[in-house]
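> Below you'll find the structure I mean.
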């Protein structure tokens, strides 16, 4: 027998049921009881699907209303004072939502907690806020209730909780100036670990045998103080009346191997997709009786698994460990869509290459049966079918485009250089004539139900091309007139034609495919549907020129052309795994270069190439950074360097803690960079104390992820803080991010206030 288990399942539902239920609750259309019922239905369906795949245990604790780290933060009672949590009382669902998004059906609206990327994924977590002397207690019962819920349905359960070291590492606080690795946070372990021990004891009383405790920071560059803390923390949990499976993922243990192997725990999970070479060393270092969970199915991409290769890789460990070798996905399946069975629109050939969360569990079950007994009934036939699908993909004529191959071969000779910034900015100012502290937005405007219905009707054929174009033009004109009315300086067309900043471009590029229900959670209730890059990328025709040139024709003010950058398209897609990511990114850059040149020729003289994902692409280990940054910067410059000096190139980056890569950001040589800084109170600008950023910069002055309207004086204060580090003549005033997810009333109020703040700055 081979034990198979899962680290976590997508929580959103195959049809995004959780998103709809949560948003209906926020808007007052559903009650809390309605929301709880939806949660129970989803959990039951997810547990049943996982059990049907043959898992020994179903995970409990992977479900979350907004974010699993936020769930755990509230269970620990770590609620910042501004949320008014009554001492000793349970943390309510509305308090959780206020921490995540700033407001809820009850409770006073207040500034949300910071949100940032989860390791190098496109998932966002809510950052725990920590203070010296922080107290902890069990302040919510959801974990224990859900364990009993699953048990009542007949399931064997494996609770999943964030580990104490990873939770602390991901936390922040004003007193912890050193960032995520600040060793001062480790002093909180003395009050944190007793609550962990209490949680584990209560789980044991519910009949739980195994608890998965996630410690993915073991794949990072850890300071020695944190390695030492692992040993002392888990020594204090060693007497817990449950077996602990410490789960690591997103990379290899490397120099943390000895630390991980020394932990007094019953099992260790490792990622064999990102770090296949660690299997032998980990297996050899286990203590007698200790379990190794092999993360052998890719939890972050959507391609079918080469089960023959997996079996060959696992064979030595199986021989060494026997049934102490467990099988699992590499990480939580949170990062992939729910079920390929819903993709009836995909052509059969492409569909046969794919595997979503449900299918990955089926692959896992097949792998477990094959490892235990390759002669078991049905195993050989199932492996043969898997083999045939992989062979068909390798041999498909859809994968390679000879024209793209020829252009790639010549790409090293294509210029990446523009005139010096001082020369460019002088020529741009002569052309654009912008005031001090120029105002702009990041690109998108609110996507109303009417706009979404318009696109849906057009795609379904219910609306003609001419009627659709007329309606989109009307919306663009409305957005232009609004921006003129409130006094913005550099306008945007609002992107009403775009459902998503990556999917829109993918639909117009060769080498991409799209799903109908391939949704994954990005943050809170926001889900994205990543395109699939299955083959060589090329641009058959202009993608944005018509809409952007029309918008520019409506006004004398400059209108930005809006593109998504090559690195972000790469990062936010499911990328082919048959060639290096760098090569796919360069194909994207060449396609975008053609679009940039066409926009300039159409009279669009300000062009924004968004790269919000450039930092998330950073390898988790610092030793691997420079190689990535070299090709990422090269791809950006390749996409932007084909225009004249007086065409202004903007780029945008959100949630980007890139203080430590600022030299590479400067090397991108965008004329203007706009960044996310409001939630972190301009924390990013610490980089400029040591580095003199050479070009213009727009530090975001309000958080678009919260519906709260920012105070004018607060925005002025943020900009004055920025001006203390940067020359004021190089500062722009803008929101943190695009306005797509916001409603019009709050958008109008916020932008009017932002323009007022800019005018106050100009007045001194």
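Glycine is treated like the rest: Cβ placed from N, Cα and C.
I grabbed these lines from Swiss-Prot:
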BINDING   16, 17, 18, 19, 117, 526, 527, 572, 616  5-methyltetrahydropteroyltri-L-glutamate binding site
BINDING   442, 443, 444, 495, 610  L-homocysteine binding site
BINDING   442, 443, 444, 495, 610  L-methionine binding site
BINDING   652, 654, 676, 737  Zn(2+) binding site
ACT_SITE  705  active site, proton donor
> If you measure from the C-alpha of residue 652 (Zn(2+) binding site), which of the recorded positions 18, 117, 444, 495, 527, 705 fall inside 10 Å?
none
> Hey, what's the Cβ neighbour count for residue 117 (5-methyltetrahydropteroyltri-L-glutamate binding site) at 10 Å?
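Neighbour count, Cβ to Cβ under the 10 Å cut-off: 20.
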> Of 16, 18, 117, 616, 737, which binding-site residues come within 10 Å of residue 442 (L-homocysteine binding site), going by C-alpha to C-alpha distance?
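The binding-site residues passing the 10 Å Cα test are 737.
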> Let me check the 10 A CB neighbour count of residue 16 (5-methyltetrahydropteroyltri-L-glutamate binding site). How many other CB atoms are there?
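A 10 Å sphere around the Cβ of residue 16 (5-methyltetrahydropteroyltri-L-glutamate binding site) contains 17 other Cβ atoms.
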> Could you state the whole-number distance in Å separating the C-alpha atoms of residue 705 (active site, proton donor) and residue 737 (Zn(2+) binding site)?
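Just about 8 Å between their Cα atoms.
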> Using a 10 Å cut-off, grab the number of neighbouring Cβ atoms around the Cβ of residue 654 (Zn(2+) binding site), all chains included.
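There are 24 such Cβ atoms around residue 654 (Zn(2+) binding site).
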> Based on Cβ atoms within 10 Å, give me the single least packed residue among the recorded positions 652, 705.
705
> Using Cα coordinates, what distance in whole Å links residue 444 (L-homocysteine binding site) and residue 676 (Zn(2+) binding site)?
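With distance taken Cα to Cα, residue 676 (Zn(2+) binding site) is 15 Å from residue 444 (L-homocysteine binding site).
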> If we check Cα distances from residue 737 (Zn(2+) binding site), which of the binding-site residues 16, 117, 443, 610 wins as closest?
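With Cα distances computed to residue 737 (Zn(2+) binding site), the winner among 16, 117, 443, 610 is 443.
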> Per DSSP, to which secondary structure element type does residue 18 (5-methyltetrahydropteroyltri-L-glutamate binding site) belong, with helix, strand and coil as the options?
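Residue 18 (5-methyltetrahydropteroyltri-L-glutamate binding site) sits in a helix per DSSP.
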> Using a 10 Å cut-off, grab the number of neighbouring Cβ atoms around the Cβ of residue 527 (5-methyltetrahydropteroyltri-L-glutamate binding site), all chains included.
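Result for residue 527 (5-methyltetrahydropteroyltri-L-glutamate binding site): 18 neighbouring Cβ atoms inside 10 Å.
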> Return the member of 117, 527, 654 nearest to residue 610 (L-homocysteine binding site) in space, with distance defined Cα to Cα and candidates limited to these binding-site residues.
654
> Provide, as an integer number of angstrom, the distance between the C-alpha atoms of residue 443 (L-homocysteine binding site) and residue 654 (Zn(2+) binding site).
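That comes out at 13 Å between the alpha carbons.
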